[in-house]
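Per TrEMBL, the features are:
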- B:5-76: domain 'ACT' (DOMAIN)
- B:Asp228: active site (ACT_SITE)
There are 4 protein chains.
Amino acid sequence: MHKILILIHCKDTSGIIATVTNYIYNSGGNIVYIDQHVDSENGIFFMRLESVFDSSDFNYDLFKTNFGTEIGDTYQMKWKMYTSDYTPKMALFVSKYDHCLYDILSRYNAREWNVEIPLIISNHPDLEPVAHNFKIPYHHVPVTKDTKKEAEAKQIALLKEFNIDFIVLARYMQIVSEKIITLYPNKIINIHHSFLPAFVGAKPYHSAFKRGVKIIGATSHYVTEELDAGPIIEQDVTRVTHTHSIKDLIMKGKDLEKIVLSRAIKLHIERKTIVHDNKTIIFS
Amino acid sequence: MHKILILIHCKDTSGIIATVTNYIYNSGGNIVYIDQHVDSENGIFFMRLESVFDSSDFNYDLFKTNFGTEIGDTYQMKWKMYTSDYTPKMALFVSKYDHCLYDILSRYNAREWNVEIPLIISNHPDLEPVAHNFKIPYHHVPVTKDTKKEAEAKQIALLKEFNIDFIVLARYMQIVSEKIITLYPNKIINIHHSFLPAFVGAKPYHSAFKRGVKIIGATSHYVTEELDAGPIIEQDVTRVTHTHSIKDLIMKGKDLEKIVLSRAIKLHIERKTIVHDNKTIIFS
Amino acid sequence: MHKILILIHCKDTSGIIATVTNYIYNSGGNIVYIDQHVDSENGIFFMRLESVFDSSDFNYDLFKTNFGTEIGDTYQMKWKMYTSDYTPKMALFVSKYDHCLYDILSRYNAREWNVEIPLIISNHPDLEPVAHNFKIPYHHVPVTKDTKKEAEAKQIALLKEFNIDFIVLARYMQIVSEKIITLYPNKIINIHHSFLPAFVGAKPYHSAFKRGVKIIGATSHYVTEELDAGPIIEQDVTRVTHTHSIKDLIMKGKDLEKIVLSRAIKLHIERKTIVHDNKTIIFS
Amino acid sequence: MHKILILIHCKDTSGIIATVTNYIYNSGGNIVYIDQHVDSENGIFFMRLESVFDSSDFNYDLFKTNFGTEIGDTYQMKWKMYTSDYTPKMALFVSKYDHCLYDILSRYNAREWNVEIPLIISNHPDLEPVAHNFKIPYHHVPVTKDTKKEAEAKQIALLKEFNIDFIVLARYMQIVSEKIITLYPNKIINIHHSFLPAFVGAKPYHSAFKRGVKIIGATSHYVTEELDAGPIIEQDVTRVTHTHSIKDLIMKGKDLEKIVLSRAIKLHIERKTIVHDNKTIIFS
C-alpha cells in the first residue's frame with residue numbers, strides 16, 4: 001500500500017477538483033482525505049489531498065512524473081507530492097532558553113511526531129547536557145560580529161551534511177542569515193514571544209507590560225528576510241492583569257511559546273501548510 | 001447561475017469523491033467548495049459540496065432526480081440538496097429571558113443570516129413588546145399541566161401554517177413534546193446553560209457554583225427525546241473564580257448562551273451540520 | 001445602612017493599609033471588601049475598599065471631609081469616595097452600527113447594571129428607531145468638516161444638561177473632540193475592533209486579513225488624545241482561519257466588540273478601574 | 001528582613017481586617033499584599049496577607065505564638081503562617097506517561113518554582129532514566145492487588161524520610177490510599193484528563209469522543225477519598241472538532257494536562273489556595 005499526499009495551488013479555474021480526483025481514481029488511487037480552499041479575492045485555488053494506492057504494481061515515480069505533465073503543467077500548478085514513508089529531518093537551533101527545547105524533545109522522545117532530529121545547533125554551549133540526555137548531537141557554533149560568515153558556513157555545512165529538510169528556531173536569539181533563509185524558503189519556523197503584529201522585535205514582554213495589555217500572545221511563523229513579518233502558522237494568547245510583573249509575563253509567555261511552537265511544528269511535519277502571498281493556508 | 005449545495009453521508013467506499021465530483025463536472029457544474037470527513041472507526045463517509053452551474057438550460061429538478069438515481073442510490077447515500085435561493089424559515093420559542101432573543105433579532109435586523117423568522121411562540125406574554133419592536137408576530141401559547149396537548153396542537157398548527165423549517169429554543173423553559181421532536185428531527189436547536197455533559201438538567205449554574213468549577217460553559221445542541229443529550233453543535237466557556245456568586249455566574253453565562261446559540265443557528269442556516277450517531281459533523 | 005466605596009492611589013509607604021482600615025473601623029465602618037495592588041517598579045500603591053456603616057447617626061459628608069484631611073492629605077493620595085445609592089449617568093454615542101447598541105440596551109432593559117442612560121447622541125439619524133423602542137431620547141447631532149465646532153458645542157450642552165458622568169462610544173465613527181476628552185478624563189470608553197496595539201486606526205479587520213493573523217481581537221479603552229492609545233480596560237480574542245474572508249472577520253469581530261465593550265462598561269460602573277500612567281488597575 | 005505569609009479563614013464578623021492589619025502594623029510589620037474574600041452565602045471570611053518585618057530583633061516564633069493567642073483564638077480562625085525562607089518539599093508520583101513529568105522537571109531545572117523535589121515514586125520502572133537525567137532519586141514501588149498494603153507502607157516511609165510537604169500525582173495511574181490522603185489533607189494534587197465534573201473516572205477522552213463534545217479539558221484538584229471529586233484548583237480547555245480521533249484528543253489533552261497541572265503546583269507552592277467546603281479560594 002502506498003499513501004500519497006499532494007499539495008496544490010494554482011489559479012482557480014473550473015473543473016480542477018474533478019480533474020484531479022478523477023486522475024487519481026483512474027490511476028488506481030482511493031482519495032481518503034481532501035481539503036480545498038479558494039481565495040476568491042485573488043482567484044487562487046489551494047488543495048491538500050491524501051490518496052491510497054493498493055495495487056502492488058503501482059509505480060510512484062512514474063505516477064509523480066505523469067501527474068506533473070498531465071495535471072501540474074496543464075493548470076500551471078505549484079504542487080508537491082510526498083509519500084508517507086519518508087520521515088522529514090528537522091534541525092533545532094537554540095540559544096540558552098530551554099523550555100521550548102524540552103517541550104520538543106519530550107514529544108520527540110514520546111514519538112508524537114513523524115520526524116527525525118539529527119542535530120541541535122546552538123550559539124552557546126549551555127544546553128549541551130539537555131541534548132546529551134536525549135542523545136542528540138549538539139553542535140556549538142558561536143556567533144559573534146566578526147565570525148558571522150564563518151558561523152553561517154558552518155551551519156550550512158551541517159544542514160547539508162545531515163540532509164535537513166526544515167529548521168526550527170526554538171528561541172534561537174540570533175537572526176538567521178539571508179543565505180540560509182534562501183536555502184530554506186518557508187522551511188524555517190520561528191517562535192516570537194508576542195501576539196504579532198503587535199510588539200515586533202526585541203523585548204516584546206517589556207512592551208506589552210508598558211502598554212498595559214490584558215492579553216499576551218505568542219506567534220509561530222515562517223522566517224522571511226523581514227524581521228517577525230513572515231507568514232503566521234499559529235498563535236495563541238493568555239490573559240494577564242495589572243498584578244503581573246514583567247517577570248510574570250515572561251513566565252506565562254514561556255508556556256504559550258512552547259505550545260504554539262510545537263503546534264506549528266506538528267502542522268509543518270504533517271504538511272498541512274501552504275504559503276501564498278506571505279500568508280498560510282492551514283489545512284484541517 | 002445556479003448555486004447548489006449537497007450534503008452526503010454513507011458507508012465509506014473507494015471512489016466516492018471522484019465519482020461525485022466527476023458527475024457534477026460532467027453535468028456542467030464547477031465545484032467551488034468541497035469538504036469531506038471519514039469516520040474511520042465506523043467507516044462512514046461525509047461530504048459537503050457547493051457547486052455552480054452557469055448554463056441557462058440547467059434543470060435543477062432533473063439534476064436532483066438524476067443525482068438520486070445515479071449516485072445516491074448506487075452508494076446508498078443519505079443525501080440532501082439545496083439551492084442557494086431558498087431562504088429557510090425559523091421559528092423562535094421563548095419564555096421570559098430576553099438576552100438570546102435580542103441577540104438573535106438584532107442579527108436578523110442586520111441581515112447577518114439568510115433566514116426568515118415568521119413567528120415567535122412563547123408560553124408567556126412578557127416578550128411580546130420585543131417581538132413587536134422587531135415587527136415579528138408573537139403567539140402566546142400558554143403551557144400548563146392540563147393544557148399540554150392543546151398547546152402542542154396549537155404549536156404544531158402554527159409551525160405548519162408558516163412552513164417552518166427549523167425551530168430555535170432561545171431559553172424556552174419548557175420541554176418540547178415528543179411529537180414536535182419527531183416532526184423536526186435534528187431541526188430543533190436548544191441552548192443549555194452548562195458545559196455538557198456536565199450539569200445536565202435544571203439549575204446548572206447552581207451546580208457549577210456548588211462544585212467550585214473554574215470555568216463555566218454553554219452548549220447548543222439538537223433536541224432529542226433524552227434531555228440535554230442531543231448532538232452538540234457548539235460549545236464555549238469562560239473563566240470564573242471563587243469571587244463569583246451564583247448571580248455572577250448567571251450573568252456571565254448569559255453572554256456565553258447568546259453567542260453560542262447564535263453560532264449554532266448560523267451553522268444550521270448555512271447547512272454546515274450533519275448529524276450521525278448522535279454527534280455532529282461541522283463543516284468549515 | 002450606608003455602603004461606601006473608596007478608591008485610592010498614592011506613593012507606596014509603610015502602614016497605609018493598617019491606617020486606612022483602622023480609620024474606617026474607628027469611624028464605625030465594617031470593611032466588606034478590600035483589594036490592593038502595589039506597582040513595585042514605580043512604588044505606587046492602589047486600593048479599592050468597600051465599607052458598611054450601620055449607625056443611624058453616620059454622617060457621610062463629615063466622614064468624607066475628615067477622611068480627606070486626616071488620611072488623604074497625609075499620604076498625598078488621589079482618592080475618590082462614592083456612596084452606593086447613587087446611579088451614574090451614561091451617554092451613548094453611536095453612528096450606524098447597531099450591534100453594540102442592542103447589546104447595551106438589552107442589558108439596560110434587563111437591569112444588569114446600576115446605570116441610567118438619559119440620552120443617545122448620534123451623527124446619523126439611522127438608529128433613532130432603536131432608541132425609540134427602548135424609550136431613550138435620541139439626539140441627532142450631525143458632524144461635518146464645517147460643523148465640528150457647532151456639533152461639539154451641542155454635544156457638550158447635552159452632556160451638561162443631563163449631568164452625564166461618563167460616555168460610551170458604541171462604535172461611534174467619529175473622533176471625539178479634545179475639549180470633550182478634557183471634560184471627561186478617563187470617563188470616555190471606546191471599543192476598538194482590533195487587538196491593540198496591533199492594527200491601530202481605520203479598517204483593522206482589513207489589516208488583520210492582510211497580515212494573515214490566526215486570532216482577531218477587540219479592545220475597550222479609555223479615550224485619550226492619542227488615537228487608540230488610551231488605557232486598556234478589557235480585551236478579548238477569537239480564532240480565525242484562512243477560510244475567513246474580511247466580511248467573516250467583521251462578522252466574528254462584532255461579537256467580540258459587543259461583549260468586550262459591555263464588560264468594560266460594567267467594570268467602569270462598578271468603579272473597579274483606576275487609571276495610572278496610561279494603564280488600568282482592574283480590581284476583582 | 002523577614003517576610004511572612006498568613007492564610008486565614010473564619011466566621012465573618014465585623015472588624016477582622018482592621019484588627020489583623022492593625023496587629024501586624026503594631027508588631028512592626030508592613031503589609032505588602034492583602035487579598036480577602038467573603039463567602040456571603042455561608043458567612044465565611046478568607047484572607048491572604050504578606051507582611052515584611054524589617055527590625056533585626058523581630059522574633060518570628062514569638063510573633064506566631066502571640067498572633068495565635070491574640071488574634072487566631074479570638075476569632076476562632078483556621079490560620080497558617082509561613083516564612084518566605086522555607087522551601088517546601090514535593091514528592092512526584094508517576095507511572096508511564098512522561099509529558100507532565102518533563103514539564104515539571106524542566107521548570108524545576110529552570111528554577112521557576114521555590115520547591116525542592118527530593119524524590120520520585122513510581123509503580124513502574126519506565127521513567128527512571130528521566131529522573132536520572134534530572135538527578136532526582138527514583139523509587140520504584142510496584143503496586144499489585146496483593147502488595148497494596150506493603151506498597152503503601154513503603155510510600156509512607158519514603159514520604160516521612162524525606163519530610164515531604166505535598167504530593168503531586170503527575171498522571172499516576174493508581175488510586176492513592178486513604179491513609180496517605182489522611183496524612184496529606186488538601187496536599188495531594190492530581191491532574192484529571194477531563195473538564196470535571198464531566199467524564200469522571202477512567203478513559204475520559206473516550207467518553208468525550210463518544211459524546212461528541214466540541215471542547216475538551218483538564219482539571220487539577222486536591223485528592224479526596226471520593227474519586228475525581230476533590231476541590232478544583234485549576235482547569236483549562238481546548239477546542240476539538242469531528243475530525244479529531246480519540247488519539248488526537250489524547251494528544252491535544254496532554255498539552256492541557258501538563259500546563260494545568262503545573263499551574264496548580266505553582267499556586268500551591270505560592271500558598272495561594274485555601275480549601276473550604278470542598279472548594280478552593282485561589283488568591284491572586
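Counting starts with 1 at the first residue shown.
Glycine too: its Cβ is placed from the backbone N, Cα and C atoms.
The Cβ of the residue listed as 'active site' lies under 8 Å from the Cβ of B:Asn190, B:His192, B:Leu196, B:Pro197, B:Val200, B:Gly201, B:Thr219, B:His221, each of which sits 6+ residues away along the same chain. Averaged across the domain 'ACT' (B:5-76), pLDDT in this predicted model comes to 93. For the domain 'ACT' (B:5-76), the DSSP counts in helix, strand and coil order read 24 helix, 28 strand, 20 coil. DSSP assigns B:Asp228 (active site) to coil in the three-state reduction, outside any helix or strand.
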